[in-house]
Amino acid sequence: MPTLSEYKALLAADEVAPAILAALKEDSRIGAGKLLAAYQRRQAHQAAEEVALRYRSRYERQLWGTYEYVAGLDEVGRGPLAGPVVTAAVILPHHFQWPVNDSKQLTAHERNVLYPHILTEAIAVGIGVADNRTIDRENIYHATELAMAQAVDHLRVAPECLLVDAMHVPVDLPQKRLIKGDANSISIAAASIVAKVIRDRLMMMYDKIYPGYDFKDNMGYGTKAHLAGLAAHGVTPIHRRSFGPVRDRLRS
């Protein structure tokens, strides 16, 4: 009879022989029952992830019947008082299996784990950035559109169709706008993760350049600590001067 450690090693394999599971089921040791229960929970979780991933790839699968290269686009940073809007365009291979989801539903650790896998396995990734000056000049919505067009232009493989999270991209390509696209499309979800990780890292860098605003934690959003820093230290070169609290500080 295998030891519990041996069973544990066998259950960690990619494929477990039915005979192993049958033997474990007949094993009267309490530890054996716990190992089997843990294995079954993992299998159920994996099956649920596969179903969810298939659901979130339904728009891609529809479009892949017509287009080989479908790019998902998303943005991060429309609401903050400081820093840029960052956009990403991602073309995923048809066999992509990583459990990407709306970046807001993932922890920072989960995003950082998925980020390199997206960069490695994607057919192409393009980044667009609209800094605070562009935002002040164009308005936040148009600046985001321009950054999205920039992200498409930076793809090393030309997309044939776009999936976009509730916006229109000013490029001459067929595009489908989805409400809550980052939760309903794996391509948009992947783009949201890439854009979020890049923007967060930028804001952490800015936190070192402009201490006193807590950029590393608030990412430029108008938190209590950020507003206190704005009152105490004034407006930095990365603040959006057209946004209310910043504009008010300039007038005071």
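Glycine is no exception: its Cβ is also placed from the backbone N, Cα and C atoms.
If you check Swiss-Prot, you get these features:
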type	residues	note
DOMAIN	68-252	domain 'RNase H type-2'
BINDING	Asp74, Glu75, Asp165	divalent metal cation binding site
(message) Can you check which residue among the binding-site residues Asp74, Glu75, Asp165 has the largest number of Cβ atoms within 10 Å of its own?
(response) Asp74
(request) Would you list the other residues of this chain near divalent metal cation - those whose C-beta lies within 8 angstroms of the C-beta centroid of Asp74, Glu75, Asp165 - in sequence order? (result) Leu73, Val76, Thr87, Ala88, Met148, Val164, Ala166, Met167, Gly181, Asp182, Ile188, Ala191, Ser192, Ala195
(message) On the 0 to 100 pLDDT scale, where does the domain 'RNase H type-2' (68-252) sit on average?
(response) 97
